[in-house]
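According to Swiss-Prot, the protein carries these features:
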BINDING   GLY45, HIS46, ASN47, GLY48, SER49, GLY50, LYS51, SER52  ATP binding site
DOMAIN    11-245  domain 'ABC transporter'
Amino acid sequence: MSTDNINTPMIELKNVKFKYSTGTSFALNDVSINFPQGKYTAILGHNGSGKSTLSKIIAGLYKPTSGDVYIDGIKLQRSTLRKLQEKIGIIFQNPDNQFIGATVEDDIAFGLENKLIPRNEMKKIILDLSKRVGMDKYLDREPQYLSGGQKQRVAIASILALDPEIIIFDEVTSMLDPKGKKEVLKLIREIQQTRKKTLISITHDMDEAILADRVLVLAEGELIASGDPLEILKNERVIEIAKIDSPFIYRVSKLLKNVDPTYDQDKLIGEICK
């Protein structure tokens, strides 16, 4: 991040509007948001709320119809696009669509080869990252022999290999089974706690959003709420407008007599065992 101004947001959107060429209304309508450096922000919303459009605008994949986007204090435009995209890594919903290499090792190596990293250094990076995501025993494995969760972990390792300052997780758990989802969320949590990255999670999953430092809620292309995850998720009006479900633990706790509603699994178990 630039040292010129430590208060500069890592990402800033100013009055951003976006309309698809085939659309009749704005997918994003006058959205202004700041993303602090080093924080984990979850963006919640139903299908069609504009959250995935937002992620693609931040990544420079879509150009706003109007409004401005700044990455690390620099305006995102044609002349700065390539430089700023090097600061951003994005992991998409379908793990099959982003596996480029013939094997796990090849996939992690792909971006490093493009950056002309020396082979010896590359080997060390691949081994280190594959261990961190729990895939070091599968380096010679082909993608068709991996589960969805394993493929997403490889995708995360491939992004980490490029060492971007910003990582966007775009519905990364929506196509995974419960085991795969748990593995990926654990990995995101580890990145949040141990790496100085600005993380953005695009999701409709409240169990994922509750891990974040901050939650933004979109509905019909507009920002309708922003704040602490627990406060946002307790706001039934916001939840209803956004058409999203409360986390499983919270729903269970609300059904139990003499138990205060909670999002904390350990706290719920403690209340039940009293």
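Glycine residues also receive a Cβ, built from the backbone N, Cα and C atoms like all the rest.
Features recorded in Swiss-Prot, as mapped to the structure shown.
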residue	record	CB count, 10 Å
GLY45	ATP binding site	26
HIS46	ATP binding site	16
ASN47	ATP binding site	9
GLY48	ATP binding site	14
SER49	ATP binding site	26
GLY50	ATP binding site	23
LYS51	ATP binding site	28
SER52	ATP binding site	20
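Within 8 Å of the Cβ centroid of the ATP site, not counting the listed residues GLY45, HIS46, ASN47, GLY48, SER49, GLY50, LYS51, SER52, the chain contributes THR53, HIS204, LEU218, ALA219. Model confidence over the domain 'ABC transporter' (11-245) is summarised by a mean pLDDT of 91.
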